[in-house]
Amino acid sequence: MVPPREDVTVRIVCERRRTAGKEARPPPSAKPTPGNTSSHPNAKETHRSNEPFFRLYTKQSHRRSIMASTLCVVLGSASSTDPAAISAATMTDAAAKTIHDAIYESLELVVVASELADVYDSMELSRFTKILSPNATVSVSVIGDATKSLSPIHTSFLLAGLANNSERRNADGSRTLTATRRNNTTNSVATLNFASNNNNGNDLLIDEDNLLTDASNLLGAPPSMSAAATKSGDDCSGRAPCDDCTCGRAEGAKEGNSEQPKEIKSSSCGKCSLGDAFRCASCPYLGKPAFKPGEEHLVLDLQDDF
């Protein structure tokens, strides 16, 4: 049942204030001179009492909407077998001719396929939803060979808030698109699924043993340091000794630093790094490529193994 619409009628009444019966009035012979309003002691008060004022009356009248079954609108040069169909040139004209006091259960629009882009406006269909009841059906019949895109009709359904239901192709090549108005009620209730609140306190507990595991081996030494530590028998994974070391690793590190550096081979000419063109006959790097001074240990060993 559609609730009745309330129309409010406003009536403005202009009245004049009337002075009290006991109020003294000036005699007819005593007329105030222009510019002088003090000829009578109550002249100013009498002028105020005759000022008009307004009263606002409201009257509410209930007018029930007319419930109708189907509204048929023919656009452009299309035709319909419904004698009560409304003919209009465009969607804008059809919206202006519609009886807005009635509520319809279904709306039928008829348009020729060749005139779809000219007479059908996607924005105007939303104006018809005001006269449709909840769950009302809206159908658009495209007469003729509807080989062109029907995207304007689908767009109008979307802008009007309609749910697109179906599209039917007839034997003569015409198409009928159907949509339904959603029943959006203000008293509808949506169910919210909340997660179960398990306040047993176990989520706040942390296992200390899990914090000590290193599954990704992030706490270990780099591979190069580990290989060097394994080769030298170091059990500290190549890390520097502690300041208060008691395992003897600090003494071993000091002895390792006190070792003499390896002797670097060189000749008397001092031009070993420049290449064979500058080296002498007794150069130990004869036959090897040139290198930077101090990088003798990086020189490739190009000698034969035989």
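Glycine residues also receive a Cβ, built from the backbone N, Cα and C atoms like all the rest.
Since we're looking at a predicted model, the values are computed, not measured.
So that you can see what the record holds, here are the features copied from Swiss-Prot:
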BINDING   CYS236, CYS242, CYS245, CYS247  [2Fe-2S] cluster binding site
BINDING   CYS269, CYS272, CYS280, CYS283  [4Fe-4S] cluster binding site
COMPBIAS  1-25  compositional bias 'Basic and acidic residues'
COMPBIAS  252-265  compositional bias 'Basic and acidic residues'
REGION    1-51  region 'Disordered'
REGION    59-190  region 'N-terminal SAM-like domain'
REGION    191-218  region 'Linker'
REGION    236-247  region 'Fe-S binding site A'
REGION    252-272  region 'Disordered'
REGION    269-283  region 'Fe-S binding site B'
MOTIF     269-272  motif 'Cx2C motif 1'
MOTIF     280-283  motif 'Cx2C motif 2'
Tell me, by DSSP, whether CYS272 ([4Fe-4S] cluster binding site) is helix, strand or coil?
helix
Can you tell me the CA-to-CA distance separating CYS245 ([2Fe-2S] cluster binding site) and CYS269 ([4Fe-4S] cluster binding site), as a whole number of Å?
48
Length of the line joining the Cα atoms of CYS283 ([4Fe-4S] cluster binding site) and CYS247 ([2Fe-2S] cluster binding site), in Å:
46
Could you check the binding-site residues CYS245, CYS247, CYS272 and say which one's CB has the fewest neighbouring CB atoms inside 10 Å?
CYS247
Based on Cα distances to CYS242 ([2Fe-2S] cluster binding site), point out the closest of the binding-site residues CYS269, CYS272, CYS280.
CYS272
What are the non-local neighbours of CYS269 ([4Fe-4S] cluster binding site), defined as same-chain residues 6+ apart in sequence with CB under 8 A from its CB?
PHE278, ARG279, CYS280, CYS283
Would you kindly give the Cα-Cα distance separating CYS272 ([4Fe-4S] cluster binding site) and CYS247 ([2Fe-2S] cluster binding site), rounded to the nearest Å?
45
[4Fe-4S] cluster site shell beyond CYS269, CYS272, CYS280, CYS283, criterion: Cβ within 8 Å of Cβ centroid:
SER266, SER267, SER268, GLY270, LYS271, PHE278, ARG279, SER282, TYR285, LEU286
What mean pLDDT score does the motif 'Cx2C motif 2' (280-283) have in the model?
84
List the helix, strand and coil residue totals of the region 'N-terminal SAM-like domain' (59-190) as derived from DSSP.
31 helix, 56 strand, 45 coil
Which state, by DSSP, holds CYS283 ([4Fe-4S] cluster binding site): helix, strand or coil?
coil
Given the binding-site residues CYS280, CYS283, which one is most crowded in terms of C-beta atoms within 10 angstroms?
CYS283
Reduce the DSSP letter at CYS242 ([2Fe-2S] cluster binding site) to three states and note it down.
coil
